């Protein structure tokens, strides 16, 4: 039996929070911080892409998200997270610019997770069956396995309006 996609997303969120907290403790240990950050940045993209592939298409069609505004907002949030990871990727590791980009990513990610947990996951659980969430969970997990280490992912921003149009047409 597969896990419920909403539980899997929440588990990822907990891991992200712990990794950002760990990074905050590594400000004077650049080499270790770089390892933690590189892993975290890839996992943020895998998670966002998995959501965009398997959670948000169903979310966009929810009864209470008729104009898909919550989904559009979430994709925009993913883009803000991607912007932060890109800034860090382009900065010198350990520099103030690098740490600022990580802090920007953390802030964008925290904003997104809070909104998603409150406005998306809770209503989605009420409106869908456990069996459906488990079906999506199996697809979500398979996506993460297929794209381990970011394999095959573009790490590029998506236009929220075009995304919503594509998944609701």
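Heads up, the Cβ atoms here are built off N, Cα and C, so glycines get one too.
For reference, TrEMBL has these:
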type	residues	note
DOMAIN	5-119	domain 'Hemerythrin-like'
REGION	66-93	region 'Disordered'
COMPBIAS	75-90	compositional bias 'Basic and acidic residues'
REGION	149-169	region 'Disordered'
Which residues, given as numbers and ranges, are at least 6 beyond the ends of the region 'Disordered' (66-93) yet have a Cβ under 8 Å from it? 30, 33-34, 37, 41, 44-45, 48, 51-52, 56, 59-60, 100-102, 104-106, 108-109, 111-112, 115-116, 119-120, 155-158, 160-161, 163-164, 167-168
The DSSP breakdown of the domain 'Hemerythrin-like' (5-119) into helix, strand and coil residues is 100 helix, 0 strand, 15 coil
With DSSP as the yardstick, break the region 'Disordered' (149-169) down into helix, strand and coil residue counts. 11 helix, 0 strand, 10 coil
For the domain 'Hemerythrin-like' (5-119), would you mind checking the mean pLDDT of the predicted model? 93
